[in-house]
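Taken straight from Swiss-Prot:
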ACT_SITE  Glu200  active site, proton donor
ACT_SITE  Glu298  active site, nucleophile
BINDING   Tyr96, Asn140, Ala141, Glu142, Asn199, Tyr364  substrate binding site
DISULFID  Cys205-Cys206  disulfide bond
DISULFID  Cys266-Cys315  disulfide bond
CARBOHYD  Asn156  N-linked glycosylation site
CARBOHYD  Asn402  N-linked glycosylation site
CARBOHYD  Asn422  N-linked glycosylation site
CARBOHYD  Asn478  N-linked glycosylation site
CARBOHYD  Asn522  N-linked glycosylation site
CARBOHYD  Asn622  N-linked glycosylation site
CARBOHYD  Asn739  N-linked glycosylation site
CARBOHYD  Asn760  N-linked glycosylation site
CARBOHYD  Asn777  N-linked glycosylation site
CARBOHYD  Asn805  N-linked glycosylation site
CARBOHYD  Asn914  N-linked glycosylation site
SIGNAL    1-18  signal peptide
Amino acid sequence: MKLSSACAIALLAAQAAGASIKHRINGFTLTEHSDPAKRELLQKYVTWDDKSLFINGERIMIFSGEFHPFRLPVKELQLDIFQKVKALGFNCVSFYVDWALVEGKPGEYRADGIFDLEPFFDAASEAGIYLLARPGPYINAESSGGGFPGWLQRVNGTLRSSDKAYLDATDNYVSHVAATIAKYQITNGGPIILYQPENEYTSGCCGVEFPDPVYMQYVEDQARNAGVVIPLINNDASASGNNAPGTGKGAVDIYGHDSYPLGFDCANPTVWPSGDLPTNFRTLHLEQSPTTPYAIVEFQGGSYDPWGGPGFAACSELLNNEFERVFYKNDFSFQIAIMNLYMIFGGTNWGNLGYPNGYTSYDYGSAVTESRNITREKYSELKLLGNFAKVSPGYLTASPGNLTTSGYADTTDLTVTPLLGNSTGSFFVVRHSDYSSEESTSYKLRLPTSAGSVTIPQLGGTLTLNGRDSKIHVTDYNVSGTNIIYSTAEVFTWKKFADGKVLVLYGGAGEHHELAISTKSNVTVIEGSESGISSKQTSSSVVVGWDVSTTRRIIQVGDLKILLLDRNSAYNYWVPQLATDGTSPGFSTPEKVASSIIVKAGYLVRTAYLKGSGLYLTADFNATTSVEVIGVPSTAKNLFINGDKTSHTVDKNGIWSATVDYNAPDISLPSLKDLDWKYVDTLPEIQSSYDDSLWPAADLKQTKNTLRSLTTPTSLYSSDYGFHTGYLLYRGHFTATGNESTFAIDTQGGSAFGSSVWLNGTYLGSWTGLYANSDYNATYNLPQLQAGKTYVITVVIDNMGLEENWTVGEDLMKTPRGILNFLLAGRPSSAISWKLTGNLGGEDYEDKVRGPLNEGGLYAERQGFHQPEPPSQNWKSSSPLEGLSEAGIGFYSASFDLDLPKGWDVPLFLNIGNSTTPSPYRVQVYVNGYQYAKYISNIGPQTSFPVPEGILNYRGTNWLAVTLWALDSAGGKLESLELSYTTPVLTALGEVESVDQPKYKKRKGAY
């Protein structure tokens, strides 16, 4: 907001005195801070009181969804997600930055190409989405190491603490990433409005000071020193009050916390356990941070799923549209003002970036699927709530009351929480007292209104709350000067147009609803049947009752048109902001929100703008669709949909109507089994002629890992030697005495890892993996060895990613990968000298384009054969569907062409066949050099792997590379490998440019 000069002088005086002050403007209390940079920012751009944020002086609710750019590395598709978030009625996206991807080598920060954040920020601005930046340095995020690069395993200090070694290690990363964020702050015309230092800094143990104000202040100062001046917000993992304003050093500007109340039991998606619905968040907020707006920086939008889990379809069922209605509206009962859903779009754990407990997909059961589809009902349900919040500013200034089972509803089976407004309307959140109830409950309400206390319905009948449902009833709700005394039907949106006002209400199937309006005007049904609609005129109001119908009815009361919809019909409505200068909708300011039009258009409406006499809509279609536009400006004469002039009609109510035909294109995909597959053995290490002289020697007599002491003569921890990702290989040399009978080995790779062991060329056995096992002790019988002869033990270990570091003091991120211990029977451990390798170069990784985690330590990966156009001319012809006849690891490469039609968004999937009794094998699939599938046949669950356009060349040549690791003496093979697609979407997204896909080039020093 703009301050008067007198107010500004007072603030400057307070600044000079080094004091923070409070001032009141338009009835709201704002806090100004003594820090000059912060104070200057807050008085102009982002301020707050105890109710909400203000952006440029305008009160706003932040409704946000989490989206990680590193999990969708195609820039044009990032814009797609932003536009789908904007279409929900949301105004913000929260994002993490994964440190491990941009500083793979200490001191070398690389944020270019697919890791460049600036196109992500530009796309947010184009879509009109604010950003909450969360760069860590620790992020958790179900990412390898919680976002920590593997080399932190060597830091001589406690991670996430004020130990100097750790703080020094973070400086390079934070100084760079925070400077980039600072460049794109709202103060510089960018979209970033909030900055979160650290992440879920909530739990400590093991004698470490916690919470450590010195540490938290250091992280905050890192951001400030890099130029970050926007407010700092935190996300306590629970509502514990850590680092809340007023707690001293390390306090943030705005306190926030996380909540995942329904948990992560996707195996039982219909079970809502007793007591899981939060009821005390408002009370805790008033105790912990009463001067800041109530913020939940991560509220449950889905669930993770582990190796061997039920799959994300089950997670989306657990956290479905019913969950949203009950839990999100419950959050509204606490007057939440900053609400971020984790996740809104999950994406993909491509290239080994995930943590060990999760698989390639990070779909998360979120509203937008991993393949960017929005057909989950939870997306549409979320759109109803997002648009309601967008047009209900009175919600932010109402006063929340206590939940009650008496006083409002006539049954104790229902609980009502009031948010009472003075002149800005009141809101009543109604739910079942047993929140998990699947019963339908009939009820009447008695609500305080400007017309007195009213028992509703007045015209007879009862209201109904169906099972696992919740409603927000409004009273004295302002529709641009028209007072809605009450409405039991829920508000989707309302708008004031040049020729009148429009209010859109909806209800569930079979429900009866009623509203009352302060007016002396009569009720006229101007569209649809009058059947089921009743009304009554009083001296100062009109009351309307109706039964919800699947057929739209429109009633007119004075200059107000009211659309009466059922919920499923409301799902098809969109409220795009109407741009009049350019094509971008802009950010969600009150002026921009007021400019919106209402469009019924099915699958997706991205944008709307005026150009000359044309109204332009950009929209996506997955079926032939009738398009209707409500509130068309009088200057518009022609309709353009996706750039094409489209004939339209105008009905008596001024609604424009048109039809978009959907004619699905012919999609021709290659048969992957019939490609010209070439094969090379990618475990030459078990051949007698193999030379490992170029391998790093595992000869460190001490580890730099402070978590676990060595139990071997030299360190066999991979991160001691710079190997942090993908498959690890070890070769142990010894000279036999002839008395060795067994070899025991303890390997560690994280949940669901596997390992295999050979003696020279003889297969000894494998650990095929279980989700519950992060390490495994195995003992293998040896054949009779010849005294004096040299033998080599070859060990392959699947590094599933590094552990997260959630609890400060445990330092679990330092949990080593590799060999923990071994025993050659009858021999001292020193009898074996070891070498090891992972990805070629380790921290001096070869592929700077695809990043430090994408490739592992297999021979073919070290050579770069997984990249396009490997030197396969003289390789053997063989397919992964033929596979291997014995234990080992094969590498397969083939190319194919795609020629998919432009203007269509066609989700493509790699599908790996799986039987009920598969042989144990592990597969990696590289697409144009990017690892986009990691499959474990005996664990699962994922068999279908989305691969986005831009990674796949939709109109060009593509290269597939498959590594097949058979962990059984009988070998293994893929039962099938197919490319498939789901419903093509006629899209307005535009051209998608392929990411950089460097081809194979002989690597210097590759072994």
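Every residue gets a Cβ built from N, Cα and C, even glycine.
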Of the recorded positions Tyr96, Cys206, Tyr364, Asn777, the one whose Cα sits nearest to the Cα of Glu200 (active site, proton donor) is Tyr96
Largest separation between Cα atoms (Å) of residues that the record links to substrate, namely Tyr96, Asn140, Ala141, Glu142, Asn199, Tyr364: 19
By CA distance, which of the recorded positions (Cys266, Glu298, Asn522) lies nearest to Asn140 (substrate binding site)? Glu298
Check: min Cα-Cα distance from Asn422 (N-linked glycosylation site) over recorded positions Tyr96, Ala141, Glu142, Glu298, Tyr364 goes to Glu298
Counting Cβ neighbours within 10 Å across all chains shown, tell me which of the binding-site residues Tyr96, Tyr364 comes out on top. Tyr364
Nearest to Asn914 (N-linked glycosylation site) by Cα, among Cys205, Cys206, Tyr364, Asn622, Asn777 (recorded positions)? Tyr364
Which number gives the other C-beta atoms within 10 angstroms of the C-beta of Asn622 (N-linked glycosylation site), all protein chains shown included? 20
Minimum Cα separation from Asn777 (N-linked glycosylation site), reported as the residue among binding-site residues Tyr96, Ala141, Glu142, Asn199 that achieves it: Glu142
Per residue, counting other C-beta atoms within 10 angstroms of the C-beta, which of the recorded positions Asn199, Asn402, Asn522, Asn739, Asn777 reaches the highest number? Asn199
What is the nearest of the glycosylation sites Asn522, Asn622, Asn739, Asn760 to Tyr364 (substrate binding site), using the Cα of each? Asn622
Using other CB atoms within 10 angstroms as the count, which residue among the glycosylation sites Asn805, Asn914 scores least? Asn914
Name the residues of the same chain, 6+ apart in sequence, whose Cβ is under 8 Å from the Cβ of Asn760 (N-linked glycosylation site)? Ile686, Ser688, Tyr791, Val792
Find the one among the glycosylation sites Asn522, Asn622, Asn805 whose C-alpha lies closest to that of Asn199 (substrate binding site). Asn805
